[in-house]
Amino acid sequence: MYLLNDKVAHELKKPFGKVYKELPSIEGKVVSIGDVTTKHLLSNGIIPNLSILDFKTKRNIPVNIPHKFKTIFEVENPQGCISDEAIERIKYLSTIHDRDMALIIKGEEDLLTIPVIKYFPEDTSVIYGQPDEGMVLLKITDELKQKIEKLLKDMEER
């Protein structure tokens, strides 16, 4: 399990990609992280390969996503950490070439962008919310994977 600390929290305030109010067209493998982001994609006809959500926004405001996912997985991931269970499930899901899968988080999904970038293949599009700004769209690259490895080394491991 990795625990968030002040140093990494400061780094994570900066988006990993470009921030959009409306996303451009997206091709290839797509992972969405966050309820509002996933809802926006689905309402625009974009079905991610994997959606990671907890049915809340801003920690406690319920979000209704009227979509029936093809396959659903659940894991626990407490606030401020990346649980071993979440890491193992994301690692497994990164090997599946399917669409319309959901990973439902009991706890908080905010930090799970980190293992998604670590385990999903290069050129995967990852979209997550940047609170009060929009959605961040990034393509996984080797350079980004190296940055994530450094962040993980800077986190407290238990």
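Note: Cβ is positioned from N, Cα and C throughout, glycine not excepted.
Taking the Cβ of Glu109 (GTP binding site) as reference, residues of its chain lying under 8 Å away and at least six apart in sequence are, in sequence order, Ile33, Gly34, Ile52, Leu53, Asp54, Asn77. Under the heading GTP binding site, Swiss-Prot lists Asp35, Val36, Asp54, Lys56, Glu109, Asp132, citing sequence analysis as support.
Within the set of binding-site residues (Asp35, Asp54, Asp132), the lowest number of other Cβ atoms found within 10 Å of a Cβ is recorded at Asp132.
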